[in-house]
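Okay, structure first, notes after.
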Amino acid sequence: MSKKDSLLTTPYLQFNRTQWAALRDSVPMTLSEAEIAQLKGINEDLSIEEVAEIYLPLSRLLNFYISSNLRRQAVLEQFLGTNGQKIPYIISIAGSVAVGKSTTARVLQALLSRWPEHRRVELITTDGFLHPNAVLKERGLMKKKGFPLSYDMHRLVKFVSDLKSGADHVTAPVYSHLIYDVIPDGDKNVQQPDILILEGLNVLQSGMDYPHDPHHVFVSDFVDFSIYVDAPEDLLEHWYINRFLKFRQGAFTDPDSYFHHYAQLPEDEAVGIASQLWHEINYRNLKENILPTRERASLIMTKSSGHAVDLVRLRK
């Protein structure tokens with residue numbers, strides 16, 4: 001098969017960094033360098049160039065899709081002769097642990113809320129929908145946090161279903177990385193946002209990923225646009241270990257941290273533990289449950305060293 005034929009048979013349009021950056025068109029930069037610094041994760045160098053060349057074109061594309069969706073809703077209301085309920089546009093962001101999903105989500109939230117329409121953008125992570133530690137311990141699943149079995153999928157599906165049904169307000173549980181658990185009675189109220197960004201490991205999964213739990217609808221059924229943040233496996237491992245070491249010098253030093261006992265470890269021992277955690281838990285979850293969902297995404301962003309995106313694939 002020729003290169004031309006292979007490009008024609010893929011469901012994705014492919015853009016290198018320069019090609020994608022050109023699609024920004026004339027969209028203005030609405031974030032200052034100080035604001036960008038606040039949005040980046042502990043393990044990332046998020047530059048103003050990265051926002052301009054990768055995230056501004058993406059926010060422009062999403063604004064087109066969202067506007068089109070609103071026009072479609074208006075057509076339906078005109079046909080029915082009703083003033084319809086406010087239905088949020090849902091964007092999901094999936095990918096491995098340590099790939100930078102949270103930073104992508106925060107940057108998109110900031111950019112989309114600054115478009116002239118001043119849309120209200122909520123950000124929810126699916127970590128809150130993990131079963132509490134007490135339940136995971138009872139079921140012997142503490143070493144499988146993030147695997148399909150560790151989530152309260154019924155509650156997560158009900159959350160997105162209620163939003164898509166026009167509910168006035170819904171609640172989402174909140175996860176604390178400090179205590180490594182869902183916060184008891186710490187639910188967040190979500191009141192009819194224009195856009196919901198849902199970030200998590202499992203947001204592209206479907207019935208094929210839950211043979212043990214045969215329910216009929218999934219988060220992906222309610223998502224309007226899905227993003228998969230991708231990177232080579234060796235970089236993911238490097239970023240995971242590096243993040244662990246930074247936490248060891250920062251968050252883990254808090255006496256209330258679930259991982260406080262790691263704070264005093266010598267660096268070589270900490271690297272060994274981080275590597276073990278990566279291979280035994282996070283790499284397994286990536287290979288078995290996360291990576292197989294990549295080709296379901298509307299858009300795939302592939303990162304290289306320094307967390308810089310160098311390839312974007314957009315579903316035709």
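Each Cβ is built from the backbone N, Cα and C atoms, and glycine gets one as well.
Features of the protein shown, as given by Swiss-Prot:
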- Gly95, Ser96, Val97, Ala98, Val99, Gly100, Lys101, Ser102: ATP binding site (BINDING)
Site of maximum Cβ density within 10 Å, from binding-site residues Gly95, Gly100: Gly95
Cβ packing number for Lys101 (ATP binding site), 10 Å threshold: 23
Fewest-neighbour residue among binding-site residues, criterion Cβ within 10 Å, set Val97, Ala98, Val99: Val97
Binding-site residues: Ser96, Ser102 - member with fewest neighbouring CB atoms within 10 Å: Ser102
Near-site residues: ATP, ref Gly95, Ser96, Val97, Ala98, Val99, Gly100, Lys101, Ser102, CB cutoff 8 A to centroid: Val229, Leu236
